[in-house]
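Features of the protein shown, as given by TrEMBL:
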type     : residues                                                                                 : note
REGION   : A:1-20                                                                                   : region 'Disordered'
COMPBIAS : A:1-10                                                                                   : compositional bias 'Polar residues'
BINDING  : A:GLY103, A:GLU126, A:ILE127, A:ASN161, A:ALA162, A:CYS181, A:THR259, A:GLU260, A:GLU261 : S-adenosyl-L-methionine binding site
ACT_SITE : A:ASP184                                                                                 : active site
Amino acid sequence: MKTKPLSQDPGSKRYAYRVNKEENRKELKHVKIDENSVAQKNGKLDLPKKKFYRQRAHSNPFSDHQLDYPASPDEMDWSKLYPHFYDQETGKMAKQVTIADIGCGFGGLMVDLSPEFPDELILGMEIRVQVTNYVEDRIIALRSNHAKEEGYQNINVLRGNAMKFLPNFFHKGQLSKMFFCFPDPHFKQRKHKARIITNTLLSEYAYVLKEGGVVYTITDVEDLHHWMVKHLEEHPLFERLSESWENEDKCVSIMRNATEEGKKVERKRGDKFVACFRRVQTPEII
Amino acid sequence: MSSYPLQCSVSNSDGTLLFLVVKSTILAFKQQKGEFEQAGRWTDTLFETDSQQDGVKKLKSNKGEAVKKADSPAVGSAFSLQIRNLTLTPDESKLIACADSDKSVLVFEIDYNNPECLKLVKRQPFPKRPNAIAIGDDGDTIAIADKFGDVHQMSISGQVLASGEESQPILGHVSMLTDIIMAKDSAGHRFVITSDRDEHIKISHYPQCFIVDKWLFGHKQFISSMCCPSWNSSLLFSAGGDDSIYAWDWKKGTQLSQFNYSGLIKPYLTNAHLAAERFQNDEKDVIEYAVSKVVSSSNAHCVAFFVEATKCIVLLDVCPETGSLTLMEIIEFPSNVVSLSEANDEFIVTLDTHSSGNGRLVEFVTREADTGLFKVNIPKCQTFEKALAAALKNENQVGSNATDLYPLYNTISLKKHGEHYS
């Protein structure tokens, strides 16, 4: 990937911070962090500070970004993202990614899901470069600080455009849960195709979700909530889960409380709208 | 001064009726006793009234009205081709075309006995420009793949939808769609195959388009054209910005073979293939080229393709069992190839004579029965050229302005350069 000046002012604090973190990231991103390697260094890694990763909140999903993505799911090297689940002897992954957080933002949901689903691999996808860097640094720090109990080995993040390239990463029926937390509302009607939930994209989500898999949505924008519910309800491969199901599901409560956006809405005492849908059985082909 | 090239052609299966597009006009020719005569002409008058605004990119306001973008000359595909995607219905009773002027699909009834054989019976505008169309096996359903990535369907015989009632897309990509095929497997299940500007070929069930069957992965660049041969329903050929033609078994989802054409096309590349200034290296020698069109022969086990802005078409032999591709012949022409179509083992090639200054506008490449090889059918070309010259007598001549010809060479503009960093 081409590197660009991270800041206009090389003398700035942000610039220095980003350069330092970038070196750290290069070194640690794909390394198997375990107790021994941490013990040698004998230091606790600081969690990254959000103020150094500021970026505008929106990204155009139709642009030709410089993205890294595999040509097909078979060509994806997951061992670099989840080294603890890679079997050196067989050269294979012990687990596949089954939970995806689409537009994971600063990664709060994944961090809380990680201990709840220790045997499942969780992947966050985020389109904004700096935000992805923040999540990477956060995971590096968490892995390092929890090396003793091998914590946070089952989460990682990818910079990517899920609306375009989701099928490049996942096989048919690979996922059991997909999260869409506080997506970009794209208020203007002309921008509605840029929304992450559309009837045509739902067919692609239904492809990567296994039958019985769940789509989780949460937003503080009521209009967007109604939009997502309408499109999911209209789609023949999804059915809405009841409120009582929502109240009992642990992911729903984590989603309500864990994400950065969720916390922000909490502070502002705003509303949060949740809707969950099950991927139903594929009907007989006519 | 030479005539504006014909940018698109289609012929009926026995070759007696030929339709061609020059700018915003469709010309029909009938072949009788070896002679061609003009059998019809239709001009998109909407385009004429619109042409003053040509070259100015338009934006849509939130109320849906067209707003001219101030002082910004249009780039790339904003210069429109006017009429594209000529397609005959399977029973050859109707001609379908797409008009860029109002982003509509046109349906013509073909009346073989009337001296004006083209009768416009339906004009259905769409919200986004149709880029490719395919006709379903019922002969009445058309699937329309648009520039915005959505596929709409429309019934040929149905009523025209008013501008308020928009049809819902049946499937979509988050990428510009470049081609669409409606296909059927041996069990009678129907599918829609769509290709896009990212490297994707998606296969969806039809009419249950919400069920994605599979993706065909392997292209590294945009896809511009696909075709399924009639002699093997599981084969699919695709091409675009990659320097190979791909052969697939689309039912199994496997790639059968690739034919790399980068070596054989080298002698045909010119300065026109140098990349744009902003994508150049220090030596200024970056070349970019792409396949514009790949078509299969109706009976012969062969596919033909051409690379944009070159003076040849390439014919490949296909092994019908394994799908492997081998070079059969390269057929050269005096000018750049603009379009390629096929009917009953005859390839119709239209040329940009502006690039050479003279020569024929249309060449027919027919298969010789004894050798099985394809040759330019010179007597047919000459007879046709006479009829064409008479028909084009009053057509606008192309000026010296190169931008006039730009819309003929815009396949390469689909190439992605990853310009947006963050």
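Using the three backbone atoms N, Cα and C, a Cβ is placed for every residue, glycine included.
Annotated features taken from TrEMBL, shown on the structure.
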residue  : record                               : Cβ neighbours (10 Å)
A:GLY103 : S-adenosyl-L-methionine binding site : 21
A:ILE127 : S-adenosyl-L-methionine binding site : 23
A:ALA162 : S-adenosyl-L-methionine binding site : 28
A:ASP184 : active site                          : 18
A:THR259 : S-adenosyl-L-methionine binding site : 26
A:GLU261 : S-adenosyl-L-methionine binding site : 20
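Among the residues the record lists as binding S-adenosyl-L-methionine, namely A:GLY103, A:GLU126, A:ILE127, A:ASN161, A:ALA162, A:CYS181, A:THR259, A:GLU260, A:GLU261, the two farthest apart have Cα atoms separated by 21 Å.
DSSP assigns A:ALA162 (S-adenosyl-L-methionine binding site) to a helical segment in the three-state reduction. For the pair formed by A:ILE127 (S-adenosyl-L-methionine binding site) and the residue listed as 'active site', distance between Cα atoms is given as 12 Å, rounded to the nearest Å. DSSP assigns A:GLU261 (S-adenosyl-L-methionine binding site) to a helix.
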